[in-house]
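Visitor: Handing you a structure now.
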Amino acid sequence: MTRLLGQLGTLLLYGASPVVAALAPLAVVPAVTGRYGAAGWAACAVALSIGAATAVVAELGWVVVGPQRVSRDPGRYVDVHHEALASRLAALAVLAPVAVVAVALLVDEHRAAAILLTVGVAAGSLSPTWLFVGLGRPLLTLVCEALPRVVFAVGAAGVIALGGPLEAYGAATIAATIATAIATSRAVAVVAWPRRDRLAAVPSIVRAQLVVTAGRGVTALYKSLPAALLQSVAPGSVASFGAVDRLTRSGLAVAAVLPQRLQVWVGVPDATQAVRRTTVSLLLNTALGVLAAGVVLVGLPPVVDVLFTGVVEAEPSSIRAAAVLVLLTCVSRGLGLALVTLGRVRRTTTAALAAALVGVPGVLCGGALGGATGALAALAAAEAVGAVTQALVVVPSLVRRHRASSGAGS
């Protein structure tokens, strides 16, 4: 009984951290829409889009491979974190200026605020969550990352609501990242800034993770950039799309607790056990997708009305498309985790490329023809293509390994 309660408490901690971290930025939304209207929110939506895409590329795939590297050799976690920090800082230094130029070209109103927010969101690539997952210490995610986000987000909301500038949103996001780095260094005795020798080794680190990074980068094209793409073809739809997309992605961030936790669970040396756990992982992620899609259908409409203070509306067709997108994303996450466990990481890049080939032109065409609904439908189609591409590798591999383990056992 004590062991069961302990496991339940651990799961609750794993769940609480991403919930708090994902919902914290939403505290700013009512202040933004209440004071700066749909135009202010649209500028933020584009900044969030470009910043998130930059963060996905700049984290260099550590969120995928990092937890299993740490869990398999916990004694080296300090070195692994040092490598990750050095490589991600270097990537951020290269990519952030590009992101700033992009958002400056796309946004006409509130440009300075959008630029600052883009930098703050891009700095999310330095998140230490993957390290805490690998160490099996979910409480540290709550204390070191989620708590600073909440504090600074609430502070930014208060400043804006009291008449402060929209730039407070981006400034708070940057401050939260700095606070997280300091808290992490003290909590687990890792460096907050890399040494020169580790920075010199960055090229070799990047080469080692080039395949995963390429896959993540391609994924960012259709998962993180839709608001920016939509801004170029249907700017009037960005506010509505951004509302649904932001809430949907916050929900998916919460749902990510399951695959994040399963990364450690499936990463066992025993091949037979790994196959069985991977199969269970796929079923659990699919069930989670069905549940999450139902939550979107029922809960998203009233949340949009309340959170966006009646300034932004979401069409029922957009909600339905978002529900399908959530379901397919959860399934795809399970398949992606299976590819890592099966040693087929390179196939994640193939799947991401296939999805991007559908998603990027789909968002542009769908957005131009159908606004927010068209863009969301295109994203769902892209996610379906990615999931099928992964399944064509995962399912046969699992079947072969299961037969091999059964034959060995007999």
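Heads up, the Cβ atoms here are built off N, Cα and C, so glycines get one too.
According to TrEMBL, the protein carries these features:
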type	residues	note
TRANSMEM	38-65	transmembrane segment
TRANSMEM	85-107	transmembrane segment
TRANSMEM	113-133	transmembrane segment
TRANSMEM	140-162	transmembrane segment
TRANSMEM	168-193	transmembrane segment
TRANSMEM	282-301	transmembrane segment
TRANSMEM	321-342	transmembrane segment
TRANSMEM	349-369	transmembrane segment
TRANSMEM	375-395	transmembrane segment
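For each feature listed, report its degree of burial, its nearest neighbours and the pertinent distances within the displayed model.
Guide: Long-range contacts of the transmembrane segment (38-65) within the same chain: residues 29, 32, 84, 87-88, 91-92, 95-96, 98-99, 102-103, 106-107, 109-111, 113-115, 117-127, 129-130, 166, 169-170, 205-206, 209, 212-213, 215-217, 219-221, 223-228, 231, 235, 238-239, 241-243, 245-246, 308, 311-312, 336, 340, 345, 348, each at least 6 residues beyond the stretch ends and with a Cβ under 8 Å from a Cβ of the stretch.
For the transmembrane segment (113-133), same-chain residues at least 6 beyond its ends with a Cβ under 8 Å from one of its own Cβ atoms are 14, 17-18, 21, 40, 43-44, 46-48, 50-52, 54-60, 62-63, 66-67, 70, 77, 80-81, 84-85, 88-89, 91-92, 95-96, 99-100, 103-104, 107, 140-141, 144-145, 165-167, 169-174, 176-177, 180-181, 184, 188, 190, 260-261, 263-264.
Long-range contacts of the transmembrane segment (168-193) within its own chain (CB-CB distance under 8 A, at least 6 residues past either end) are made by residues 25, 28, 32, 44, 47, 77-78, 81-82, 85, 113-121, 123-124, 126-128, 131-132, 135, 137, 140, 143-145, 148-149, 151-153, 155-156, 159-160.
Same-chain residues lying 6+ beyond the ends of the transmembrane segment (321-342) with a Cβ under 8 Å from its Cβ atoms: 64-65, 68, 244-245, 248, 251-252, 255-256, 259, 262-263, 266-267, 274, 277-278, 281-282, 284-286, 288-290, 292-294, 296-297, 300, 348, 351, 373, 376-377, 379-380, 383-384, 386-387, 390-391, 393-394, 397-398, 401.
Long-range contacts of the transmembrane segment (375-395) within the same chain, counting only residues at least 6 positions beyond its ends with a Cβ under 8 Å from a Cβ of the stretch, are 222-223, 226, 229-230, 234, 237, 241, 244-245, 282, 318, 321-322, 324-325, 328-329, 331-332, 335-336, 338-339, 342, 344, 347-348, 350-352, 354-359, 362-363, 365-367.
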